[in-house]
Every structure is written in structure tokens, then in C-alpha cells.
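Beneath this line is the structure, given in C-alpha cells, with notes to follow.
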Amino acid sequence: MSCCMSLGEKDNQEAIWFPHCVLSFCSGTFALYSLLCRHMRIENLSARDADSSGVSDSEGQEKQSRLGKIFKKSVVARRVLLFISILGMCMLIGDGVLTPAISVLSAIEGIRAPFPKVSKSTVEALSAIILIFLFLLQKFGTSRVSFLFSPIMGMWTLTTPLVGIYSIIRHYPGVFKALSPHYILMFFSKNGKEGWQSLGGTILCITGSEALFADLGHFSRSSIQLAFLFTIYPSLVFTYAGQTAYLIKHPHDHEDGFYKFIPSQVYWPMFVIATLAAVVASQSLISATFSLVKQSVVLDYFPRVKVVHTSCSKEGEVYSPEINYILMILCVSVILIFGDGKDIGNAFGVVVSMVMLITTILLTLVMIVIWRTSPVLVFLFCFTFLTMESIYVSAVLIKIPEGGWIPFAISFILAFIMFGWYYGRQRKVDYELTHKINIDRLRVLLSDPGVQRVPGICFFYTNIQDGLTPVLGHYIKNMRSLHKVTIFTTLRYLLVPKVAPNERIIISKFDLKGIYGCIIQYGYADSLHLEGGNLVNQVIVCLQDFITHYSGHLSCDETGIQEELTNLEEAMNVGVVHVGGKTRFHIGQNCSWFDRIMLAFYEVMHSNCRSSLPALGVPLPQRMEVGMLYEA
């Protein structure tokens, strides 16, 4: 089977709440934002993706709603939409810091009930050790231990309601009267402002419900509905009702309501189950953070970090060393500095409520712009969810001085990093598309008598598929040469484990002697290592196959084909060089203060992040970087 494809072929509160959040959030806010941008055809990621939807401009305008046209025309509206989405995404990453901290800390806190002499500092130290151990295991992936997750969560969802039922029967069988809306109305009418403020403490009790819908990409809607209705929801109701029944009889134990209501006969088994469930909950958020950062890197919203796929069959199982150790330091710092679980709980309440509110706002836009839902249904949806979530948000915002500022600080730093990187990438891509080299411009450059075609093969890397990088013009003008065989190479990442051999390398011919195009497609389990020349040899074989089989369709001159093959063989014998661009912004005096700050910040990040090309393993003697300054 041929290893290449021609372009012609291609066209054809201290409560143990955490385990119920095991499925937690994925990148829901960002997914909704991307969906809106693709449908409204606005520049959401980069100009390179502007035409990827396959919808013509006229057709897009025809289909767009009035609100969609407003976003299309208004830069301010697009920036507000971007800010809201980035804020939601940063809150989710902050969730990856807070959830492991509060999960493990609240579970290990149970050791103080039978051993009152154990100090709080000891509990914090034990929690930190468990988290450090958990983070150090991340590089091995979750595949080897993931088979334990379901039994652990099964035991949790089964044992806690059983303890709850026991507590209800023993302490207060009439506790289910609390399910009547009559009592909540009485509660708010009697307590007023204090009742409203108490919502900030109850937000953690409802976080598990919306988290179930984050894994729609892994399970069907019906399976999630059945799991929630017949497993999770009854477990939550019986567990919290059991704690309530206990607290009615023992109102002074509210600071540790979970472990106090567990009978002494089953205390230690429940402690073990709670600790294991805390680890699973922590793992789910750590993995979700890795996945979210990976998606952000792929879509040019986050500085490039190393992302390793720990599974050859599951695209979502990823690990990032840099992010892993940053999360570990932040989690341990949160535990050791803010060891009070109440402060961490307040911080987590802010994260959850804000993400819920942002998701509802974006989903409302999807209903209006994409789904074209009836205005009556949109109003009912907005009124119900926005009213409820806004009340919760207002209640948790008063907790900002008591730990609620932590997620805002994390989110602000992350948002500044993401927006700075996004802004710099947008400016760089805009410059490249404005100054890209087309085939006519390349022909003019090569027609200069002073430009020599030197022996050898050059792999010139470009990330622009509809044209060539401006670094090429800079290179030719200053080096006054180009290799006799030049292959403009673009690496294209696909969300598949491995690309089929016949689709891996796509060759095209430019209307210039010795000039070719090559797109190398690779999946997350593919190896692109060039040590030993394996990939280079594959490209050369594909190029020879292309010249032999496809050039014949364009010309019947067998002599020309043979000459082309001979030139390729001679160039291969001379040697191979890999050329890539290393670009920076030139921030001149005419730049605005905003550009000066953002582009300078982008350059700091760009100079310290990883290369845009994968770790190809190109030998140093064959590697060349061409520097170029982009006018800001």
C-alpha cells in the first residue's frame, strides 16, 4: 500500500460532598464558546481556522439570527463573549486546584474524631502527603488503576445512603417533611437576610448534579439520566436527610456533621471508603485540568506545554509535567496556608456557582443563535436558571473575604496569561496571513539572478496551509539561495490515535522546479521522531511515488520525470537540512501602550514555552532556525 496521498486523491461546608463530583466539569464553557464562534463565523481561535466550517459567507449570513449578526459586527460584543468564556475556563482550572485540596482534607479530617489528640497540622500534613503521592503517580496514567474507580464510587453511593437510612430511623423519621417547599418558604420568611446568606454554605450540596452532564462525550444521555435518577439522587437525598436527622438531635455537631452521624461500628470502613472516594474525585479533576489545558494549547489559547498521551487508545488520557507540578504546588499550598476546610469550601462555592452562571449564559446564546428555540422557552429557561443561580452567586460573593478570593486570584492570573497569549498569537497570525508568500511571489524571488539553487534537500516548515510563511521571503532575500529540492512541510495534528499509513503524508507539486508541498498528518499515539531518518525516508519514498505516478498525469514527458527523480536522488546524497522560523515582534515607537504591554508579555511567554513543532528529534547539524522580526 502506498504511504502517501496526493492532493487530487484527497479531494475525492466540612460535609463530605466531593465524591458526587467525580464526573465533574469538562471544558463546557469553552465548548459552548467554540460552537458559537463556528456557527457565527467570528474569529474565535485564529485566522487559520476562519474557513474551517465549510459554510460560505452568504450562506452563513442567511442562516444567522439577529443576535448572531450583532456578534459578527461588534468587536466589543465578541470581546465580552471571549472574556466570559475565558473566565469560565480559568474558574474550571482553579477547580482543579481546590477540589483535590478540599476532598482529601475533609476526608482525612475524620481521623480526629476517634483520636482527638491528633492536631490539625498533622491532618494537613497527611493530606499534603497523599496529594503529593497522587500527583507523582500522574505520569503513569490512569489506565492501570481506573478499573478500581467504579467499585470505589459504587461502594460510596451504596454505603452512605444506608448509613443515612439508619440515622433517619434512629434519630428523626419525619425528616422527609423537609422536602416540602412549604418549609423552605417558612425558612426564608423567618430568617430573611441570614437565610439568604446560608445559601453560600449549601451550594456544595448541589454541585454533583450538574457535574453528571459533563461526560456526555463518554456516555449516552439516557444512561446518565438513569444513573442520576436511580443512583446518585437517591444517594444524595438519603445521605443528607440522615445527616439532618442526626443534627436535629445533636445541633452542636454541625461542624463535623458527616463523621459524627456515622455509627461507631462502621466508622473505620466508612473512613477508608471516604478517603478512597476523595482520591478518585481528586483524580477526576486533575485529569480534567490536563484535558482542558491540552485543548487550550491545541487551539492557541494557552502557552505551549508538554502534553503526553498516557494511553494509545483513549485520546482524553493526557498528562502534562509542567501543569502537574504547578497543580501539586498550588494544592499543597492551599492546604498548608488555608488549612481551614471552611475557607477552602467558600472558595470552591464561588467557583461552582460562577461556572454554573457562565454556562447558563452561554447556553442561552446557543439556544437563540444556533438552535433557534422559541422565545417563550428561552425566557422560561433564563428566568428559572439565571434567577436561581444569580441568588446563589450573590450569596457566595459575600464569602470573598473568607477564602472566596482564592479562585478569583487564580482565575485572574490565568485569564491574563490566556488573553496575553491569545492576543499575541492573533497578531502574529494576522501578520503572517497579510505577508504570506504565494506561488507568484516565490517565482519572482527565485527569478532573481543573484539567487542560487544550492545542492541538497531542505525541509522548510510552515504553519500556513494556504500559502507560505513570510520567513521564506526573509530567508531568500538574505541567504540569496534555496535548495534544489525544497519541501515546504506542514505538520497537522489529528484527534485520532494513529493516522492510516496511506493518509499520513500528503504530497503536492508546485509549478516550480524542485519545489514541493508536504502535509504530515499525525495522531496522538504516532511517533514523529526523526533520529535515524525514518520520517525523512518515508517522505522521500512518497515523493518518488508521487513523481512517478502523478506527474505522469500532468505531462507525458518521461524524460522530465526521470530527470526529476535523478535530481531528487542527487539531492538526497548531498544531505538534508531542516529549516524553521523563529519570529519575534518588533515593538516600535508607534505602538499603543496596550500593544506594548500585551506583546511584551507575549514575547516573555513565547521565549519560555516549548516549540510549536513536535519533538522531532532533528540532529543538531541538520537543524537551522531563521530569525525574523514582525512589525507590531
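Placement of Cβ uses the backbone N, Cα and C atoms for every residue, glycine included.
The feature transmembrane segment is assigned by TrEMBL to 15-36, 80-102, 122-140, 147-169, 195-214, 226-246, 266-286, 323-341, 347-370, 377-398, 404-423. Feature annotation from TrEMBL assigns domain 'K+ potassium transporter integral membrane' to 28-441. Per TrEMBL, domain 'K+ potassium transporter C-terminal' is recorded for 455-630.
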Query: So which of 122-140, 147-169, 266-286, 323-341, 347-370 is most in touch with the transmembrane segment (404-423), counting Cβ pairs under 8 Å?
result: 347-370
- line: Across 122-140, 226-246, 347-370, 377-398, the most C-beta pairs under 8 Å with the transmembrane segment (80-102) come from 347-370
- request: Determine whether the transmembrane segment (226-246) and the transmembrane segment (266-286) share at least three Cβ pairs under 8 Å, counting only pairs 6 or more apart in sequence.
  value: no
Statement: Ranked by Cβ pairs within a distance under 8 Å of the transmembrane segment (266-286), the first of 122-140, 147-169, 377-398 is 147-169
Task: Report the mean pLDDT of the predicted model across the domain 'K+ potassium transporter C-terminal' (455-630), rounded to a whole number.
output: 84
Query: Taking a Cβ cut-off under 8 Å, which residues six or more beyond the ends of the transmembrane segment (147-169) line up next to it in the same chain?
result: 19, 22, 175-176, 231-232, 234-235, 237-243, 245-246, 261-263, 266, 269-270, 273-274, 276-277, 280, 283
